[in-house]
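Listed in TrEMBL for this protein:
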TRANSMEM  30-50  transmembrane segment
TRANSMEM  62-79  transmembrane segment
TRANSMEM  91-111  transmembrane segment
TRANSMEM  173-192  transmembrane segment
TRANSMEM  212-232  transmembrane segment
TRANSMEM  244-263  transmembrane segment
TRANSMEM  324-346  transmembrane segment
TRANSMEM  358-382  transmembrane segment
TRANSMEM  388-408  transmembrane segment
Amino acid sequence: MFFSSVGFSIVIMSIWPYLQKIDQTADASFLGWVIASFSLGQMVASPVFGLWSNYRPRKEPLIVSIFISVVANCLYAYIHVPASHNKYYMLVARGLVGFGAGNVAVVRSYIAGATSLQERISSMANTSACQALGFILGPEHRVDDSGRQCKNVNFEEASTDEVQFPQGNIDQVAVLATNVLFFVVLFIFALFETIVTPLTMDMYAWTREQAVYDGIILAALGVEAILIFMGVKLLSKKIGERAILLGGLIIVWVGFFILLPWGNQFPKIQWEELHNNSIPNTTFGEIIITLWKSPREDRNEGPTGCPIEQAWCFYTPMIHLAQFLTTAILIGVGYPSCNVTSYTLYSKILGPKPQGVYMGWLTASGSAARILGPVFISQVYTSWGPRWAFSLVCGIVVLTIMLLGVVYRRLVPFSVRHGRIQE
């Protein structure tokens with residue numbers, strides 16, 4: 001999973017220029033399909049691999065998924081060779097890479113089956129830390145903790161047929177609620193990392209060369225996330241995962257509230273000739289280009305600042321750099337806390353039975369969040385500006401906190417719910 005994260009983060013940064021280079025017929029709308037194909041592939045594959053791992057040794061879907069990823073990346077590396085239709089080869093390659101990435105459901109199911117309730121949060125945090133490290137080094141999860149975990153999984157694989165799983169129904173309300181919580185957590189982070197570059201270029205008139213600072217900021221957040229993952233392992237023993245999840249959501253809300261524009265200082269306006277097609281369309285591909293490349297001429301040669309075609313630039317106060325950096329730090333605390341505790345709670349709610357299918361649906365919900373998050377933030381940001389965009393995000397987080405409050409008492413381990421152990 002560490003290497004999977006490295007491979008994903010390297011490729012994702014170069015898709016648009018690569019697509020333009022290999023196929024001149026590729027337009028903005030087609031880029032949208034290419035971007036979406038990864039998450040769509042993962043969303044389809046996760047339940048399939050999860051179901052497979054429930055009935056067969058987990059090494060089978062893992063090996064097959066890794067093989068698919070290798071083939072897909074080889075295809076991606078050579079899509080420039082054919083004389084025509086290169087963009088369709090890229091579409092297929094990215095979809096297959098996403099399909100191979102569906103093995104995260106198997107990994108989480110493996111950890112859930114190979115650890116006790118006490119070990120669960122520690123192991124999940126370690127996998128998330130490896131995922132974050134892979135994202136830093138690439139520009140997503142687990143290393144074996146100890147021999148004891150290997151022993152556990154050997155017992156599980158060898159003796160599944162002999163194990164008598166405890167009887168009892170899974171709390172489907174808690175399962176659904178946790179899927180929604182996990183979706184929102186990934187949705188929030190996906191939209192934040194998407195909006196970083198256009199926000200800084202609009203607000204601070206950064207050039208493309210200066211926008212490299214955004215990469216440094218995201219890398220710093222990755223380092224911060226590793227530290228938070230390690231801290232969650234210790235803190236969860238004292239206050240539990242539910243409290244950490246609630247605290248993380250509150251921190252995220254505070255971060256986006258701070259990001260709201262205040263004051264009477266306005267961003268620099270980018271005065272440039274307007275073209276008939278300068279107003280961004282709402283196709284998914286053009287939304288992505290708006291966020292990665294921005295609907296402007298080359299900033300290295302042209303003016304910088306907030307584009308004149310975005311009407312909100314004239315009346316929305318700028319977001320000061322101190323606000324932005326404070327928000328980044330807070331999200332760097334809140335997101336990893338919510339991420340690891342949400343799927344740790346999920347694995348405990350499911351209990352000792354095979355979790356492959358359920359973990360597949362959890363991974364699919366995360367994939368859907370990574371598709372919808374960028375679309376949501378780009379639509380609202382481009383049309384209405386950061387005040388509306390981040391106000392709506394604050395509202396979403398408040399609703400999520402309310403949902404967590406409603407189901408708080410139901411988010412307990414399977415064994416606790418059925419009275420086998422005390423919480």
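Glycine is no exception: its Cβ is also placed from the backbone N, Cα and C atoms.
Among 30-50, 62-79, 173-192, 358-382, 30-50 has the largest number of CB pairs under 8 A with the transmembrane segment (91-111). A Cβ distance under 8 Å defines the sequence-distant neighbours of the transmembrane segment (173-192), meaning residues of its chain 6+ beyond its ends; these are 245, 252, 331, 335, 338-339, 342-343, 345-346, 349-350, 358, 361-362, 365-366, 368-370, 372-374, 376-377, 393, 396-397, 400, 403-404, 406-407, 410-412. Where the transmembrane segment (388-408) meets the stretches 30-50, 62-79, 244-263, 324-346, 358-382, the count of C-beta pairs under 8 angstroms peaks at 244-263.
Counting Cβ pairs under 8 Å to the transmembrane segment (358-382), the top-ranked stretch among 30-50, 62-79, 212-232, 244-263, 324-346 is 30-50. Below 8 angstroms of C-beta separation, residues 121, 125-126, 128-129, 132-133, 135-136, 139, 193, 196-197, 200, 206, 244, 325, 328-329, 331-333, 335-337, 340-341 of the same chain, each at least six residues beyond the ends of the transmembrane segment (212-232), sit close to that stretch. If one looks beyond the transmembrane segment (62-79) by at least 6 residues along the same chain, the residues whose Cβ comes under 8 Å of a Cβ in the stretch are 4, 7, 11, 22, 45, 49, 86, 89-90, 92-94, 96-97, 99-103, 106-107.
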